[in-house]
Amino acid sequence: MSLSAAQNPSSPAGASSDSSKADSSKALYGGTSTRRITVHDIAAATARGEKWPMLTAYDAMTASVFDEAGIPVMLVGDSMGNCHLGYETTVPVTMDEMAVLSAAVVRGTRRALIVADLPFGSYQEGPVQALRNATRLIKESGVGAVKLEGGERSHEQIRLLVEAGIPVMAHIGLTPQSVNAMGYRVQGRGEEAAHQLLRDAKAVQDAGAFAVVLELVPEELAAEVTRTLHIPTVGIGAGAATDAQVLVYTDMVGLTGGRVPRFTKQYANMRQVLGDAAKEFAEEVVGGTFPAPEHTFH
Ligand SMILES: Nc1nc(=O)c2c([nH]1)NC[C@@H]1CN(c3ccc(C(=O)N[C@@H](CCC(=O)O)C(=O)O)cc3)CN21
Ligand SMILES: CC(C)C(=O)C(=O)O
Ligand SMILES: [Mg+2]
């Protein structure tokens, strides 16, 4: 989705005669509405030219922090595999794990649209399997939408889910569930690969996806996809031209151990904060200064 002019209804404060810009209370980020955000709100915000943020979340407590911060869309990503469950990759994540953590994120939030990843092996057999597993996340976990990986190769799955009334976010470019086949390399480089990415983008839009994640693709190609499609593009490692941006929250707050992708930005150092708190507690226990009288019952 692209507009000819950059428009941001929530700024600047200067007077504008354009009535479409007048109502900043509607803004996806910074707006005043407290009801649950829907895929229609996402489409409307993108049509107004608002860029919007999305973060992953894997538990109720963290999700409630992001909900109170105004993050309008949260992804219960299968990145829970490496970020939360201690696996090497997203590949081992099961439907049971997705269902439990997705339900927790829904319970922790009031306003955000919650999108849950369909994990590897839960939709590759075909549209009927995809529908069975997506239905479980909608009914049992209470999410508002699901996400699955693949462009042309997944279009039948997307179409059946959309026909059944399940909003679908697509995911093309680097698709980490295929790591064993594709590695973690920039996608869409070279003419043939760029054409394939454009075909994938059109295929998921035609199948009815309400948005599409573009992961690890060159900025110029992400810009072309964004201009070509009418649905919003959500970038991760795809440059600044997409309609939205998503990051894995543990990378964003500096909690992920080890190497993180170059495209992430660290806005806090939670590893340091948590480690320092744990050391201070340990030292007070060893030194006998915790618990103090105010923590003690008689
Ligand atoms: N913590 C975390 N952050 C993520 O962004 C993330 C996950 N986990 N797990 C699921 C996928 C896997 N992702 C990945 C994993 C590795 C690279 C990576 O190694 N990228 C290289 C660039 C490779 C190239 O130049 O071709 C990098 O240095 O960023 C990128 C995305 C993104 N997702
Ligand atoms: C990186 C995002 C888009 C994702 O799919 C995940 O966190 O699982
Ligand atoms: Mg994922």
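Counting starts with 1 at the first residue shown.
Each Cβ is built from the backbone N, Cα and C atoms, and glycine gets one as well.
Whatever TrEMBL says is automated annotation, not expert-curated.
As recorded in TrEMBL, the features of this protein are as follows:
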REGION    1-28  region 'Disordered'
COMPBIAS  9-19  compositional bias 'Low complexity'
BINDING   ASP78, SER79, ASP117, LYS147  3-methyl-2-oxobutanoate binding site
ACT_SITE  GLU215  active site, proton acceptor
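All features noted in TrEMBL, drawn onto the structure.
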residue: ASP78; record: 3-methyl-2-oxobutanoate binding site; Cβ neighbours (10 Å): 30
residue: SER79; record: 3-methyl-2-oxobutanoate binding site; Cβ neighbours (10 Å): 22
residue: ASP117; record: 3-methyl-2-oxobutanoate binding site; Cβ neighbours (10 Å): 28
residue: LYS147; record: 3-methyl-2-oxobutanoate binding site; Cβ neighbours (10 Å): 24
residue: GLU215; record: active site, proton acceptor; Cβ neighbours (10 Å): 23
CB-centroid shell, 8 A cutoff, 3-methyl-2-oxobutanoate site ASP78, SER79, ASP117, LYS147, site residues removed = THR56, LEU75, VAL76, GLY77, MET80, THR90, VAL93, MET98, ALA116, LEU118, PRO119, HIS171
Is any of ASP78, SER79, ASP117, LYS147 (binding-site residues) within Cβ reach of ligand 1, i.e. under 6 A, and which?
-> SER79
Compute the C-alpha separation of SER79 (3-methyl-2-oxobutanoate binding site) from GLU215 (active site, proton acceptor), stating it in Å without decimals.
-> 13
Using DSSP with the three-state reduction, classify ASP78 (3-methyl-2-oxobutanoate binding site) as helix, strand or coil.
-> coil
One should report the C-alpha separation between ASP78 (3-methyl-2-oxobutanoate binding site) and the residue listed as 'active site, proton acceptor', rounded to whole angstrom, as 14
For ligand 3, pick out the recorded positions ASP78, LYS147, GLU215 that have a CB under 6 angstroms away from one of its atoms.
-> ASP78
One should report the C-alpha separation between ASP117 (3-methyl-2-oxobutanoate binding site) and the residue listed as 'active site, proton acceptor', rounded to whole angstrom, as 14
Compute the C-alpha separation of the residue listed as 'active site, proton acceptor' from LYS147 (3-methyl-2-oxobutanoate binding site), stating it in Å without decimals.
-> 13
For 3-methyl-2-oxobutanoate, with binding residues ASP78, SER79, ASP117, LYS147 per the record, max Cα distance (Å, no decimals) returned as 13
Translate the DSSP assignment of LYS147 (3-methyl-2-oxobutanoate binding site) into the three-state scheme.
-> strand
